[in-house]
């Protein structure tokens, strides 16, 4: 039998054969035979070997098709069932759970053979399930010991004894495995499994730490013990899959990491050169001189108000930097314990990494701007937008793409399983028929087919349309490709076995004379298969059959007919949509009641809320009881929502009973009330979707969550073990010096115990790592470098990889639920929607009745105006003519009328309507009486038929007359209006600027008949009916003048100059707003000028509006959204001109004036349109987030309201709770009791607090206040309420991670949907054709360039050869890297010797690069300046020379610009390294994605700037007089436009918005109402919250969406077989073979040229026969054109595809247009024909030589015979018969 075929498998015990010495001998024999076959020459064409079977993979469970394992063979060596291992020295072992283990049959450790008793015992132990459970239990207990054991006592005896025990267990486990498997040499040995490497390292380190007399520190070594937690991953195979996916994503991240590191290095160098030594500028007292020890001279430094921090200053600020008695000087102190600075490359790099991760970057931003000047903001803009937004989101893009690739594999796998399912179904059907024919009982198979292979059960294999990384199959979560134990029981594996079994049980096996035993085994096989299928089916059922019977017996109440009647009535009522609507209204009102709770409620109000709670609880309990009665408990509890409702109702009932009986409420029970809010999800699809996403993600992300928990656990324990002793809750004296009872030296964030260490790691995952790292470094002393390593590792591994995969999965979950929700929404509506539909239908009925009455009245009013002519003729006039006429009419008549004769038959109109078209229509739809106006004349009956449009298959209705009116005076296209006398409301304006509605596509020809560019009607159609005075005839005086005026206005407003002028005025008026800052009051002349310009601008806008009214008409003007926006802004501008006190507040709204730019600038218009398309979805998600957050708000109010107060003294320090315990003591002791500005006193405040927590800004103060809170109006105590941490952790996971990422999901999803609507140009091409098309598109734009000619001068030629060589480039790039390293070595206050060395090095580099420039100019001559890179190099060299000269000047004060700018010039040299990018394909893809994104990002940037501009103007109007406090100071404020923009740029990333809001949230008590400093907290909150939502959540997420989209596009392009660079390199090689750029090379040079090309275009030698296949066309002189060669080589790389010839012809035509040179040369032969000619010539030559040899040897007579004989070689050739020589027949001339 062929080795590749599967053996016949019958499910009985004979499958399991013990592994004996005979088995080993048989394997050795097979291996020897295989080796012989390999040596044999006959077997060189190797037969493909079988692959390992997935269902028999190690660690999977053995499929039940193989039968039960004999008890005596459990744990014993068996012959391998997988044919793949037939020729491998291996055996398999099965345990009781049928798990497969494989071992090598060679000697373990060179001693123990496969039959050794010690090894057999080790094998039995290692495969036993109890052994695995014991090891997992040990790992868990060990983790608990590590987590609970405090770091302070890590060397205690108890801990050491426990560690010895655990180490002993791990050593025992390793020894057992080594004895069973061998160590490393053989297959399946111990160290061949990478997971065992981890065990070895942990054990090795543990042993080393116990060696006596060892001198190294034990603590870092023992910290490695924590990695034992990873053993859980090695035991649970599902976790291995997730870790594998993570590792794959890390592989893909390599390019991003390299690019990020490179960019960070560049930014760090620029920052170092710009800001070196600037952050140590402080205000020092003029009395203090020579401060050597800053700590001793603390009094010499000026401090910030109410802060212990030193005041920073900048020399650029002059005298205003410090107070009068202080001056600005350099010191030895940098901010944040000296860790924030740019003094050397290391600290600068750390600062840039902090900027990129956006952790407290606003502090660095404020410090740098204060010390170096406001121009530094441009540096931060570049780093934030390029470094932070782009590079960080590239990480997300790469992880998302890696995940989507996995998705595609999953989809393919599911599709394959589905196909296999169908095949198995068919095979089993055939098998059943075959077995029945042989007399096997049909009943054994009937159940299999009927119970299992049904369409319903097919769903168990997963829905292939649903692409999810984790398959949600029947409520069970299973990752694809999983190696888990449960996976092998899934049906796909069964089906694989089924298929194989069916093949083995084919009819051939069961002939009449077959073995009866074989027939019995076949029956056994099918029966076991049936049983297995049934077991699988039962495993999917919700409960056992006995449970189902009991439930149907006792939980379905059908007592008596009367009871059934009651049930029927109740079911009708309870399932009615109105009942559901009533319950939903109750839920909403109940939610409002819950949200109304607040601090300091009045007794009556509280009583009302309690009564309300009782009422709603009663309603919900009654609903539950009635539904249970109506539906029976059996059916009621089968729905998830009903179970949820019943739980909430019963908990509420328990809470009420507890209050009634015990007169007090339990917080635990009361908090469950808020779950009622989630009942809204039943009737609100979006909320339902969100809950589904969270549910699916929590389930589907189970494995990932476990991995994340393990990672957090490991880092928490590592932090606790390494830093727990020093970095604990008590601050060290150098950080805190308690001078009194008000100063606390306790810290909330530390690593002193596991819980707090976990919180620190969680905080790092939230994005805040730098502050804890500073404190850790300060406390750890010698281990400070370890702090940096650990904290950055947590940031990179945790935040950038794991959380990004989490987000990627969540986004995919969102898009899937969104699509599924849309499909379900189309299919069925919720009951609330059905109830609302009833109301809508009732309202529509009332409205239509009223409209009908109005139209009836209108028609009565208009009837006298219509005159009828006797004779029963139809209406006919010179103004109204029939649209459809008989074909028999002459063409002249038709031309006169100007109407086409034919109308498409597709018009969907009733046959009894008459369609009329007026030639010239009035400005409204009223028809005028009189001879000259429209008259209705009745046509004779026969002719009337010609005017009617007939439509088949329509039932005739009552006679109606309709007319189609074409507005001949519309602006662009005609208005086609159907007038139905019965239904005037159906008048439809078909074509307008705002909307286009095609009436049955048949009127596509109408616009061609209509004059263009004319105004539309002034008033809406139908207006003249109600107001006859507005009816005008524009053909009669004086309305002709009005019509001409309108046409003139129309031409004006449509003129490009008018639009340009308006844009100019908008820009000027917006610019004027900039000057209205806080200093305007002191500048009356500027104020007067601004008032004048404001009046002028307002009048210009009014004039523009009036012109547009006249030109467009009111109908068109007010139906355009952009025009409405302009109108609102003009009205606001007009109100500002009126000097009324009441209207003064409207002046602020002038800030909206720049919005007019939106309608004028196309780039922003595109972005806004995309944004408007997403607004409904964004608002929906925003509303869902608000509801979701409401639950946490209500809980927050319940837990923390009134508890955020504290007692402070005169210096704003909190007094210790042991001195003052409550508010009354505080006030009696003449202290101040203040409440924190952001608190949980009511739901509104709670929303603000949660927004700060969700954006991680200002959240520390809120968490501190919460965890320190005791009771209402009690003094806070340090961490008295530690459970408060849990509240915030849960909110961050569900309220921040889930809900805020939904914004990204919504925007990306909408963005993709709009892309699909706009795209689709490639939908008619196959994938192969797309590839070919892309390649052709790239090469079509290329053509050969003429290379730079080598100089004739020998010296110049030598230099030319040097500078054009690759080695020269490598040397120069190496020097650039060395120059970069030398710049990195610079530092602030470096030793003079070091400074001298670096200066000299700089001179050396300047000289080298100058020489390089001169040498290249000498060698390349004028061609040097034709290359962009050369020009860049030249400019850099010139600037370097200038900067180096200026830096040598002693007196640099007179230079008009800062000398630091010249330092930056040197950095431009680094830009030359970008040449290397060409070699790095992955990085090139990333940069290409950036280049593709730039246009879109520029538009988004413009929109963001516009939003910032408007908010800056609003901020200047509202907050210009806020006193300096918290984040508001002399630089960052809203006093001027520049300072406002600085603040808004900062908070566009949500950074520090809490500190800017804080000064504006003054309480009424601390605010003087007469002061201008008082502001409404509501306005300030709305201002900042709206800006955060618009900029941070929407615009910045659009930025992310663009990057993701373009990264995907760039990746697709980079994955194309041929890229731009391949074509560039082709032409570079071409230049060497075609120096004159003729576009042709000789055929003889083709072989060398093809071999010289790099892959994939290269055709390696020998390649002549491959050219034959290509059939290349040649022109005269045996030349080939470059395009022909490139086409042929491209087709060879891409392979064959349909339609390539037509595409090639199209691309060649384009190339011809671009390169007319090829037209001059027509091909005369091809390479194939030329080769045939060459072979023919060679044969002739050979024959001729043969003939000549015979001539010389033979005599003359023989020679005559040869010449004249009929079969002479020469004669044969002359006859043209070359077939005997292997050449195609052709004519050979012998003349």
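Glycine too: its Cβ is placed from the backbone N, Cα and C atoms.
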From the list 504, 1091, 1209, pick out the residue that Swiss-Prot labels N-linked glycosylation site.
1209
Are residue 433 and residue 1577, as annotated in Swiss-Prot, on matching sides of the membrane?
no
Among 157, 781, residue with annotation N-linked glycosylation site (source: Swiss-Prot):
781
Stretch carrying intramembrane segment according to Swiss-Prot (options 345-369, 420-444, 445-469):
345-369
Candidate ranges 668-687, 728-747, 828-847 [criterion: Swiss-Prot lists as transmembrane segment]:
668-687
Write down the Cα-Cα distance for residue 787 (disulfide bond) and residue 322 (disulfide bond), rounded and given in Å.
36
Positions whose Cβ lies under 8 angstroms from the topological domain 'Extracellular' (1523-1536), at least six residues beyond its ends:
305, 320, 366, 369-370, 374, 1077-1079, 1512, 1515-1516, 1542-1543, 1546, 1552, 1554-1556, 1558-1559, 1573
Listed stretch, out of 157-180, 256-269, 377-402, 573-596, 1580-1604, that has the most CB pairs under 8 angstroms to the transmembrane segment (1500-1522):
1580-1604
Which stretch from 157-180, 1052-1074, 1427-1450, 1580-1604 shares the most C-beta pairs under 8 Å with the transmembrane segment (377-402)?
1580-1604
Per DSSP, what is the helix/strand/coil residue tally across the topological domain 'Cytoplasmic' (1162-1180)?
19 helix, 0 strand, 0 coil
Take the topological domain 'Cytoplasmic' (181-192) and find every residue of the same chain, 6 or more past its ends, with a Cβ under 8 Å from one of its Cβ atoms.
58, 88-90, 102-104, 106-109, 126, 174, 200
I need the CA-to-CA distance for residue 787 (disulfide bond) versus residue 283 (disulfide bond), whole Å please.
31
C-alpha spacing of residue 776 (disulfide bond) relative to residue 283 (disulfide bond), in angstrom:
28
What's the number of neighbouring CB atoms sitting within 10 A of the CB on residue 322 (disulfide bond)?
21
What is the number of other Cβ atoms found within 10 Å of the Cβ of residue 787 (disulfide bond)?
24
Sort out for me which one of 283, 776 has the most neighbouring CB atoms within 10 A, since those are the disulfide-bonded residues we care about.
776
Same-chain residues near the topological domain 'Cytoplasmic' (1162-1180), Cβ under 8 Å, at least 6 residues beyond its ends:
686, 1303, 1306-1307, 1309-1311, 1314, 1496, 1498-1500, 1502-1503, 1506, 1594, 1598
Could you give the residue numbers and ranges of same-chain residues that sit at least 6 residues beyond the transmembrane segment (256-269) on either side and whose C-beta is under 8 angstroms from one of its C-beta atoms?
345, 348-349, 351-353, 355-356, 383, 386-387, 391, 394-395, 398, 1380, 1383-1384, 1467, 1470, 1480, 1482-1483, 1486-1487
According to DSSP, collapsed to three classes, what secondary structure does residue 283 (disulfide bond) have?
strand
Counting each residue once, how many in the topological domain 'Cytoplasmic' (1485-1499) are helix, strand and coil under DSSP?
15 helix, 0 strand, 0 coil
